[in-house]
Amino acid sequence: MAVLSRMRLRWALLDTRVMGHGLCPQGARAKAAIPAALRDHESTEGPGTGQDRPRLRSLAELPGPGTLRFLFQLFLRGYVLHLHELQALNKAKYGPMWTTTFGTRTNVNLASAPLLEQVMRQEGKYPIRDSMEQWKEHRDHKGLSYGIFITQGQQWYHLRHSLNQRMLKPAEAALYTDALNEVISDFIARLDQVRTESASGDQVPDVAHLLYHLALEAICYILFEKRVGCLEPSIPEDTATFIRSVGLMFKNSVYVTFLPKWSRPLLPFWKRYMNNWDNIFSFGEKMIHQKVQEIEAQLQAAGPDGVQVSGYLHFLLTKELLSPQETVGTFPELILAGVDTTSNTLTWALYHLSKNPEIQEALHKEVTGVVPFGKVPQNKDFAHMPLLKAVIKETLRLYPVVPTNSRIITEKETEINGFLFPKNTQFVLCHYVVSRDPSVFPEPESFQPHRWLRKREDDNSGIQHPFGSVPFGYGVRSCLGRRIAELEMQLLLSRLIQKYEVVLSPGMGEVKSVSRIVLVPSKKVSLRFLQRQ
């Protein structure tokens, strides 16, 4: 009782917020000038020893575009929204390791699986990544604590250790199966309504938009045990505002990242960016406060022994694992992460299944062989659906949700493939390019889920490198919600393929990807969902 009383007192003081804690030096070089150490990037051997060890090269010896050329690529050639394609362009010209400089920071870009492995295996106890300064500026301006995505060091470790509970392990994620299936049932009902209202009686004109609503409904139900009306014909205004604000925040973040600070009063992007973050946090705070009020009402009605700890936030609050300020700083970020992974990945998966009917038919056969039509899949069923898991893996290979990540090794100098980098060098991990490397994935541009299935011992076409595709990251800073995201995607995709044949709408054409921090379709994805007999 004393613990819960202290919790109520701390939440009463929530409105008193605390402040958060508190282009290349070398010109462009021809591909022929790529250092031999870079051309030999396939080697994963450690540093040499003895007198035969070659001289380690320095950061200044790396190739890369000059500052002006990099700016030209971003703004005049339009790569600011296609940074993943710019990675491929620069890798083709400079090799798997090159520098780019923007402002005062020089980044080292890594675009091969062995190079990613060399960096990620040197992370240490507290992996450091890009500081996301624009996110921090909003938190500082509003007096908000930093959330899980922008904290570093021991503070990050404390948050991550607390949030891991009831989230990270597969058995813990499986506890949310019934909640997810409830939301998915409502989603399918909403999808049926949308398709029957179309002119053809089976078309969904914007699949990503509908899946975004599903993902937001699901993550809010998991975090707060509350439905937010995303799947209703008329969405509540605060929920609709949140959905709009997330999309606009990501869109404007591209510009506020690359435009100089002196341009902020002159251009609209910064003001929009800040306002959208305000809306995101307003929604998150409302959800948190409602949960606190619900817990207090249960205490008054039944006493401390009569309150059953059930959901994720309820558990964290009762155990006092996070302070009120940490909760407000972190949970809006968790909502964002829970939405983008599932909605974008499922959109791409359905798009490619519609383009590959033979794969879709094989998947339908697998799903209905385990869960016949009319039955609802459960977590245990997916152990018998290897192709379903392979479809999701292949989709994430082609479209990693976040096409780049970064690491900064602060404790020591870092030796990578014959180069010695000083402490605090920022390494940009080019996941999009690495996962389309033909030396790791034959025919890398094609959608081939079967490449992930177990093969004969004499078949060499399988995965050749464990870091070839790491869409959820690696190590202690890997994706917190990976298990829940995978479960949600498996549950939904199996039920959709069980019930519908998915085909491209007439005139749909090819869909490319755009990078707005996360990788999204370049246009609306319109699909037909044909009822299976």
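FYI, residue positions are counted from 1 along the chain as it appears here.
Using N, Cα and C of the backbone, Cβ positions are placed for all residues, glycine too.
Swiss-Prot lists region 'Sterol-binding' for one of the ranges 176-190, 266-280, 386-400, 416-430, namely 386-400. The secondary structure of Lys523 (N6-acetyllysine), as reduced to three states from DSSP, is coil rather than helix or strand. Of all the recorded positions in the list Lys142, Lys375, Cys479, Lys523, the shortest Cα-Cα distance to Lys512 (N6-acetyllysine) is found for Lys523. DSSP assignment over the region 'Sterol-binding' (386-400) gives 13 helix, 0 strand, 2 coil.
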